[in-house]
Amino acid sequence: MDLRATSSNDSNATSGYSDTAAVDWDEGENATGSGSLPDPELSYQIITSLFLGALILCSIFGNSCVVAAIALERSLQNVANYLIGSLAVTDLMVSVLVLPMAALYQVLNKWTLGQDICDLFIALDVLCCTSSILHLCAIALDRYWAITDPIDYVNKRTPRRAAVLISVTWLIGFSISIPPMLGWRSAEDRANPDACIISQDPGYTIYSTFGAFYIPLILMLVLYGRIFKAARFRIRKTVKKTEKAKASDMCLTLSPAVFHKRANGDAVSAEWKRGYKFKPSSPCANGAVRHGEEMESLEIIEVNSNSKTHLPLPNTPQSSSHENINEKTTGTRRKIALARERKTVKTLGIIMGTFIFCWLPFFIVALVLPFCAENCYMPEWLGAVINWLGYSNSLLNPIIYAYFNKDFQSAFKKILRCKFHRH
């Protein structure tokens, strides 16, 4: 999103955004006595062209692979991946429709395509970048519903619902990109024919920055925060259930014996006895008994004889080996749960960290600069870095949302090896 602002300190459209440190063209021509560029300027243009060209090509290639993978691999054709595919299409539009003109503007450090193309460029820039950001919100919202209401959302998670979310992102994008073309801009925006800048009207600045970034940012932080809490709760709950199930399943198979309570101390009848109070938690199948917390040992007297068989229970000293095994299993299970929590934190951290890293500097400058253009100064090279940092999010999105997915990785390998068979 190419938001630029003019400053009284620099009449050549010093921007907060993609204007770079440039050598004055007239001075360059006078210094050489010809129309040739001075060496530093030529070197800058070559290096910048190569770097930005590589960024654009990588972004086109990466997002194209995501779209192709979803289109060709049936296993990837689900609602969650439809949103990722739509994000890839949006970022592909940024890479094809916006970035080439932005790169030309960056390299030449002046706008050479006329005012009408400038208006179209700004509108496409704001539309596509805003839609890309809002797609991230749609993906976060879909994941939030899926993890907090998994049973009911299975039926609600339909292609139609995905289409509604995608349509909303584009409608909001249009509502932010169109107003400047309808007159919501200041007179100074077109004062310099060599500059192509977004509307610097204060009202539009607040409207566009909050609609395109700050509100989506808050929404994503809330959603991913709740997703993390829900995921952590589910992981820990699963571990507790598994441990409880393991403990309750520790039964003693006693099918050969029959239990009879002692009847008036009759030593001939079959009996079971214990040294302490016995509290079995619940009976097991096939004549087995689950041990209780106070259970020490179980003495079995066969029905047809007086021979006794003593079976140690899990919490007796004789069964310490069973306890050790159980403790090791529990410890391993908890380590796995902790690893899953860390992976969840890492994944959410990468998603939010990349988004904030790419766009927050841009929108801070976009919001502040129009209100203090006469008093604020920012080096042109820094404005260029901030501008292209935002654009680079279109390159990083397919890496974060698709390339880390094993199913996508498999599809990408098939595409690259040209051994793809739809199945």
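Glycine is no exception: its Cβ is also placed from the backbone N, Cα and C atoms.
The topological domain 'Extracellular' annotation in Swiss-Prot covers 1-47, 108-116, 184-202, 372-379, and the record cites similarity to another entry as its basis. Per Swiss-Prot, the feature transmembrane segment maps to 48-68, 83-107, 117-141, 162-183, 203-225, 348-371, 380-404. Among the features that Swiss-Prot reports, topological domain 'Cytoplasmic' is placed at 69-82, 142-161, 226-347, 405-423. Marked as disulfide bond by Swiss-Prot on the basis of sequence analysis: Cys118-Cys196. Under the heading region 'Disordered', Swiss-Prot lists 311-332. Per Swiss-Prot, the feature motif 'NPxxY motif' maps to 397-401; the stated evidence is similarity to another entry.
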Sequence-remote partners of the transmembrane segment (203-225) [C-beta within less than 8 Å, at least six residues beyond its ends]: 1, 126, 129-130, 133-134, 136-137, 140-141, 143-144, 172-173, 175-176, 179-180, 184-185, 348, 351-352, 355-356, 359-360, 363, 366-367, 370-371
Distal contacts, the motif 'NPxxY motif' (397-401) - CB-CB under 8 A, six or more residues away: 62-63, 65-66, 84, 87-88, 91, 132, 136, 139, 350-351, 354
Range from 48-68, 117-141, 162-183, 348-371, 380-404 with the greatest count of C-beta pairs under 8 A to the transmembrane segment (83-107): 48-68
Disulfide-bonded residues: Cys118, Cys196 - member with fewest neighbouring CB atoms within 10 Å: Cys118
Tally of residues which DSSP labels helix, strand or coil - the motif 'NPxxY motif' (397-401): 5 helix, 0 strand, 0 coil
Per DSSP, three-state class assigned to Cys118 (disulfide bond): helix
